C-alpha cells in the first residue's frame, strides 16, 4: 500500500489539506464497503497488550483528530490498528475555526492545524459509534472529549462531565483532552489549581457513572509537549492522586523552532509530525521516571517509521498512536509499526 500511496500522495498534496483529508476518508469508506481494503492492506498484526483492564489486539492505535465524528470507524479499523480513538467531541456541535486551518510542511514531514474541535456534537458521534461493526464486535474504541469554545474556562468541568456522561456507555476508554492549542485558554487546565479541580470533578463523576452502569471505564489524560520538568512532575502526581488510568503524551506543539523559515511555518496552530518526535519522547521519559509502573503511557508524536514507534516504547510508552505519519507515509505505516514492536 505504501508503494500505491506514494503514487497517490503527490496528487493529494496538490489539494487543500482539509479537502484531501476528507476525500481520502470517503474513498477509504468506499474501498471498505466493496471489500477492497482487505486486499490492499497487510493483515492485522496480532500482538496483544493488556493495559487498564483492556485487551489491545496490538499496540498501534489511531490518534484522535483523524476521525472527529466517528464517521469512518469501520474503514479505519480495517487498516490493522489495535485500537481507535475518535474525537475530539464536545457536548454541543461547533464549526471550529475559520478555514484555511490546516497546512502541510512537506520539507519537515509536518502539519500545522488550528481546527478548533470542529465536530457534530457528542450525541451524533455516539449514534454513529453504535452503528459501527467495529464497536458491535467489541473493538477497542476510545472517545476523546473536550469543551466547547463558548464555554468559559472556569466552567470547563461541566462540559467534560456532560461529554463523559454521553460517551460512557459506548467507550472502551475516555480521553480528556486539555492540551489542544486551538481552543482559547484550554491549556490553562494543565496548571495545578485548575487541573486539580478538573480531575477531582471527573473522578467524582466517574464514580457516579460506574455505579449507574456497573462498570468502571478507564480515564486517560492527553497532555502537551510544551511542558517543563516541574509541570510534568506535577501532572504525574495529580494523575495518581485522582485515579486517572493512563496518560497520552503528547498533543501538538506550539514551538516553531524546527520549521523556522518554511512556508506556513509561522501559521497559528499545533505543529505535528516529525518535528514533535523528540519533544514527545522527552515528556514520555520524564513521565516514566515519575510514574514508574504505576500508570501506563501512550506515546504519540512524530512516528513516521517502525523505528520511531520502537523509540517511544524505549522511552517508556506501552502503546503508540499514529496520525501525521499516515499522511506522509500511508496506511502501511500501521503494519510497519506493529511488526517493529512485535519484534522488539
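Including glycine, each Cβ sits where the backbone N, Cα and C put it.
On a predicted model such as this, the values are computed, not experimentally measured, just so you know.
Database features (Swiss-Prot):
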| type | residues | note |
| --- | --- | --- |
| BINDING | 64, 65, 66, 67, 68, 88, 144, 177, 222, 250, 273, 302, 323, 324 | FMN binding site |
| BINDING | 68, 113, 114, 115, 116, 117, 177, 182, 251, 252 | substrate binding site |
| ACT_SITE | 180 | active site, nucleophile |
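Here the features listed in Swiss-Prot are placed on the structure.
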{"residue": "64", "record": "FMN binding site", "contacts (Cβ under 8 Å, 6+ apart)": "85, 86, 87, 88, 142, 144, 175, 177, 222"}
{"residue": "68", "record": "FMN binding site", "contacts (Cβ under 8 Å, 6+ apart)": "86, 87, 88, 89, 115, 117, 118, 119"}
{"residue": "114", "record": "substrate binding site", "contacts (Cβ under 8 Å, 6+ apart)": "97, 101, 102, 181, 182, 267, 268, 269, 270"}
{"residue": "116", "record": "substrate binding site", "contacts (Cβ under 8 Å, 6+ apart)": "94, 96, 97, 101, 149, 182, 183"}
{"residue": "180", "record": "active site, nucleophile", "contacts (Cβ under 8 Å, 6+ apart)": "88, 117, 146, 186, 187, 251, 252, 270"}
{"residue": "323", "record": "FMN binding site", "contacts (Cβ under 8 Å, 6+ apart)": "62, 63, 65, 66, 272, 300"}
DSSP state at residue 116 (substrate binding site), helix/strand/coil: coil
Neighbourhood of residue 273 (FMN binding site), C-beta criterion under 8 angstroms, separation at least six: 105, 108, 109, 110, 111, 302, 304, 324, 325, 327, 328
Cβ neighbour count within 10 Å of residue 222 (FMN binding site): 25
Secondary structure of residue 180 (active site, nucleophile) (DSSP, helix/strand/coil): coil
Number of Cβ atoms other than its own within 10 Å, given for residue 251 (substrate binding site): 27
Fewest Cβ neighbours within 10 Å, where candidates are the binding-site residues 66, 144, 177: 66
In three-state DSSP terms, the structure that residue 68 (FMN binding site) belongs to: coil
Residue 222 (FMN binding site) in three-state DSSP notation: strand
Largest inter-residue Cα distance among 64, 65, 66, 67, 68, 88, 144, 177, 222, 250, 273, 302, 323, 324 [record-listed FMN binders, Å]: 20
